[in-house]
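Let me begin by presenting the structure, written as structure tokens, before commenting on it.
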């Protein structure tokens, strides 16, 4: 079976082609209810539609750019636009309508933009200020703005009501056939036996169908609500906005035309808009148009489209068009209907259901044929003249109903749906544990993870950074909480240079918030440096206003430094500042400021002193940054790059980023669970090693290597080196990508990778599970990731792994349980039909059994919470079989036991219990049915553990399991004792009840004994 499944029902956890997804669906030939079976599979037609939309967008944008360029050449000769403001827009106080705004940005219409007075003109017409943003003082004006220009939300499919799920559950082909059987049974029964005696069989089937439908619909409806809640969490995106004169964080769904949005590397453009100011802005439009070539956005080409990504630079943007008025809104509405890819387990279990369904269908046909043949043989024995009565018709109908119900029981439609149920349950619980699963498959894949490649900053450490040591002007000092002593020790000219560098060469900002308090905005590293500047007496706004910024090169993981070129107020001199990785920036310096504040050549002795200082700081687990400047003598153009060499070193700062509490224990837990943790960081190797030792990642037999050294290795050297690598420092994004790819392809590892920046995208994409940071992560990283770690904590990653293992094992438990029921129900009814000419389990009884094993069984077993024992096992890995030898052992062992018990009852039951009289067969069949159900109840308990003997451990922690077992027993008593007329049962004696329970219970020690058999 496994080889057939691997060749036909094997999909990747990520990036499966549409052809592969189509293939397995076409192989699912025995499907009772396609609407329900394929509800949680991707809608491929909607994906094709979205791809076509991207191609259309690409062509429209290409034409718009060409037209815009042509128009720009003749713009001075064109007469003013005859655009007229609609009356309702004018009455609301605005001078431009939403359609006109949309046509300007979407059409890249430079001509129209010019006619409306450029970006400043449009800002005025929208009653907004480029500096202060929107004013929302008047609620009426705000609601008018929303009414005229729309809100920044995309069209979503309506929440389906409970009755829709009831209707879908009724689409089950076998239930429909049984419904027809029930209807015919009612007609024939009433015609022959009268009302109400003749209606019992038919009404029994109808009641069973309705019960199955409502229980199924309730389960599906609850799942849909869980997925809806998770979907809302996925869409929570915030941006930095200036509104009412204050910079603040705001949900993208609250944005309105006229808002001023601040964008930086890794952000997603939240609406259509226009560039106000900024530097080196490069936009990736591939998500909208499919075009891979990045676009430079400047004052000359100011158009920013919703859904595109900031690849480089930073800027302020004026929002012009929102929501469904943008091309991104229309694309997202289509894509949301495309759905998630199916998970590998869902597809594999669809394969299992198909195989067993075909077997079950064959058994059902043969069973029906044998039962009908038996009936004909009885007729023949009565003589050549046949007489067909209403009872004969009812008997034939009952045979057909039994055959159909065998298909109901034999086609384990619940297998793939149990995966969805388990994943929905796990994802909901993981949200409480600060992990947001974006793709279903990631949850189950994480259970197989063998390696975690983790960032250092913010994941293993707290990301609360402070400068604790410095070496300014060759003078090493501890930085106290109040830096007055440091300030007095720095020469005045050097202090001025230092503050100029800190406040101009930064991606952060110091603002006054709505409460009138000073607030630092930016990354933790930027915040630490800005705090140092403020403590040294610097004033952010004064410094920024006194210099004119000419060029900014933001920090990225490849260069490992950032730079700025400014024009000084005195004499228009040009100065460049840079800061970044100490070794890299120091290598770009040829001069240094000494303790007297003089600029002197950087000789060997000074270089040695500074390198020793860097190593000392790093060995104390401090992140080190080197700060440097240079005066540019000749003229400098914004089109030029910032010089690479010739800088003067001002100093080095050591930033403390403490290790998170509990990380060492989590790393040790991973090691015991067979998961190798590797640190991949851009930091200095000594800093990385110190932190790695503190976390327990770097062991005596492990290797710490620098990225530049790693990338020089050939394939043969890598094969020997990679298994031992525990720390990679000074790594570039491509080093990370190479390591992940080698681990996956060469060493067959299942790799989870953390990332927070735009440059982590290749590694996140390549990994089996991409983990993005919720706090420090950029929108680009979050969008490409499979799981978002909301608290940026490594311990949460371990929790995700635990939940992943729990999902995988829970599904295995359910599959083991359901296949046991399938095998026994099939063989019992088939063999009984062949040997005795009758079936001991009726259609109504089989429907009840089907509900026990399908919906209720999935609820009980697929929602088991994880326990600590899960992290003491080795991971399944990439090549592990889903249906293991241990599972087959348990399935076949239990099936044989149950089959023997039922056959003993069929053969010797009447004599064992002294059953005589006309109702002896009914009592015996009721006893067989009762024993069969209790075998399933106790087997469900035994299935809680596939290898362990103690199946009661933690049973009370899973209240769903307890409720399901209790409800099953309760309704079984009701069916036997009170619903005999409809279920073809009769009340049992106390001895017969105890016997049924004992037979079921006896399956537990047998299950325990089976677990002792090695496989």
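In case you wondered, yes, glycine gets a Cβ from its N, Cα and C as well.
Membrane topology taken from Swiss-Prot puts residue 183 and residue 1014 on opposing sides. Swiss-Prot assigns the feature transmembrane segment to one of the listed ranges (400-417, 418-435, 436-453), namely 400-417.
The stretch that Swiss-Prot tags with transmembrane segment, taken from the ranges 793-811, 812-830, is 812-830. Using a Cβ-Cβ cut-off under 8 Å and counting only residues 6 or more beyond its ends in the same chain, the transmembrane segment (400-417) has close neighbours at 30-33, 36-37, 40, 172, 174-175, 177-178, 181-182, 185, 205, 345-347, 349-350, 352-353, 356-357, 359-361, 363-365, 367-368, 371, 814-815, 818-819, 821-822, 825-826, 829-830, 833, 839, 841-843, 846-847, 849-850, 853-855, 857-858. Contact between the transmembrane segment (201-221) and the transmembrane segment (350-369) is absent: fewer than three CB pairs lie under 8 Å, with pairs separated by 6 or more positions in sequence. Here the transmembrane segment (812-830) does not touch the transmembrane segment (990-1011). Their Cβ atoms form fewer than 3 pairs under 8 Å, with each pair 6 or more residues apart.
Secondary structure at residue 455 (active site, 4-aspartylphosphate intermediate), taken from DSSP and collapsed to helix, strand or coil, is coil. For the topological domain 'Cytoplasmic' (1012-1015), same-chain residues at least 6 beyond its ends with a Cβ under 8 Å from one of its own Cβ atoms are 884-886, 888-889, 893.
Cβ neighbours within 10 Å of residue 455 (active site, 4-aspartylphosphate intermediate), excluding its own Cβ and spanning all shown chains: 25. For the topological domain 'Lumenal' (906-917), the list of distant contacts is 832, 836, 840, 923-924, 927-928, 991-992: same-chain residues at least six beyond its ends, Cβ to Cβ under 8 Å. In three-state terms derived from DSSP, residue 756 (Mg(2+) binding site) belongs to neither a helical nor a strand segment and is classed as coil.
Here the transmembrane segment (990-1011) lies next to the transmembrane segment (883-905) in space: the count of CB pairs under 8 Å, restricted to residues six or more apart, reaches at least 3.
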